[in-house]
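J.: Pulled these features from Swiss-Prot for this protein:
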- 12-18, 40-42, 303, 329-331, 411-413: GTP binding site (BINDING)
- 13: active site, proton acceptor (ACT_SITE)
- 13, 40: Mg(2+) binding site (BINDING)
- 13, 14, 15, 16, 38, 39, 40, 41, 128, 142, 223, 238, 301: IMP binding site (BINDING)
- 41: active site, proton donor (ACT_SITE)
- 297, 298, 299, 300, 301, 302, 303: substrate binding site (BINDING)
């Protein structure tokens with residue numbers, strides 16, 4: 001076999017898209033397995049900038065299959081638009097496959113998302129208002145509409161009527177809002193389904209057939225483990241499982257996963273509300289934000305910035321079974337006189353080594369930092385660790401020591417040729 005899962009080890013935006021694009025060069029199939037179009041990533045390739053939300057990055061390469069698995073919630077309108085934009089950049093999308101079991105995001109999910117978030121007031125979670133949570137709620141409540149339903153006009157009509165009746169009652173009675181029109185949604189979204197019909201199939205069969213043929217399959221997680229609904233900073237999380245969702249969300253058995261690659265930035269960022277122990281609210285945070293262009297791909301919101309938190313990434317390593325590390329954006333820290341790594345927390349005079357479940361407990365913790373000298377040299381052309389200035393190399397080595405995991409790649413810029421490989425993950429799965 002030859003299967004690799006890529007997961008973010010922080011709160012998303014770690015550069016997973018770049019690493020997925022890089023590692024996908026050795027893959028036959030690239031698959032998403034959770035999340036929705038709330039998870040944007042940017043890929044720089046062939047002199048073009050591709051901004052993807054739903055489509056796996058393998059779609060850029062005609063010899064690869066790109067799979068949207070059953071664990072993904074699909075906004076048909078968003079997906080049709082994304083494919084149209086890719087077509088304008090010369091990407092046909094003919095190699096895309098969409099699970100017939102994937103659930104569909106409809107306009108009432110988006111409206112409900114906005115109303116629920118507004119009703120929370122100061123307790124808002126920081127959702128992207130794209131209907132992800134309400135779609136997963138319908139899935140769990142067993143009233144969701146799947147891609148297979150969207151393609152069947154009678155079934156879609158029947159289920160949409162039932163769902164919209166319930167949602168409109170909620171809009172009017174709970175939120176004092178206006179109801180939505182059935183005909184408008186039905187006609188528009190049925191047509192989206194027809195446009196996507198050519199891509200829809202049982203993707204579990206596609207993936208397992210590829211694995212059984214010993215083809216290299218790359219699974220691409222969205223968001224980050226600290227946004228996992230079970231393992232993240234609940235309730236300030238997403239509605240799916242970036243950490244361990246690959247087997248259920250792709251329809252492959254756990255025994256078929258070979259390596260799990262964790263992606264981290266050399267610092268930490270977060271979009272939206274929720275705990276962030278190493279957050280920087282000073283000029284250092286502003287420096288890193290601007291140097292790293294830290295603004296959301298989907299929302300455009302400025303990301304919150306903090307020092308690298310080894311407690312967070314160790315937690316991610318454990319719960320996701322991470323075997324290898326890709327460290328990105330080291331170049332962003334160039335120009336700082338000093339850099340810090342959070343190695344533990346401290347609460348009431350006691351050292352805390354593991355990330356707590358209780359947000360109250362976490363709010364009482366303070367980060368324990370190791371301070372290292374920074375570097376001023378331009379590192380964007382470095383190809384090996386030895387090419388890095390001593391202080392930058394010491395910083396990278398200290399992170400890997402604290403995490404206890406092998407470094408697979410390190411990146412010193414946004415372009416593919418600025419990602420440097422220490423060991424090829426596909427060689428590891430072939431051993």
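From the backbone N, Cα and C atoms, a Cβ is placed for every residue, glycine too.
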J.: So if I draw a 10 Å sphere around the Cβ of residue 128 (IMP binding site), how many other Cβ atoms end up inside it?
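T.: Excluding its own Cβ, the number within 10 Å is 21.
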J.: At a 10 A cut-off on CB-CB distances, which of the recorded positions 18, 41, 301, 303 has the highest count?
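T.: Going through 18, 41, 301, 303 one by one, the largest Cβ count within 10 Å is at 18.
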J.: So which one is it: of the binding-site residues 12, 15, 40, 300, 302, which has the fewest other Cβ atoms within 10 Å?
T.: 300
J.: Among the binding-site residues listed here, 38, 42, 223, whose Cβ has the fewest other Cβ atoms inside 10 Å?
T.: 42
J.: Spatially, which candidate from the binding-site residues 12, 15, 18 is nearest to residue 38 (IMP binding site), comparing Cα atoms?
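T.: Of the binding-site residues 12, 15, 18, 12 has its Cα closest to that of residue 38 (IMP binding site).
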J.: Please work out the number of neighbouring Cβ atoms within 10 Å of the Cβ of residue 412 (GTP binding site), leaving out its own Cβ.
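T.: The answer is 24 other Cβ atoms.
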J.: Look up residue 330 (GTP binding site) in the DSSP assignment and reduce it to helix, strand or coil.
T.: helix
J.: If you compare CA-to-CA distances from residue 303 (substrate binding site) to each of the binding-site residues 18, 42, 128, 412, which comes out shortest?
T.: 128
J.: Specify the count of other C-beta atoms within 10 Å of the C-beta of residue 13 (active site, proton acceptor).
T.: 27
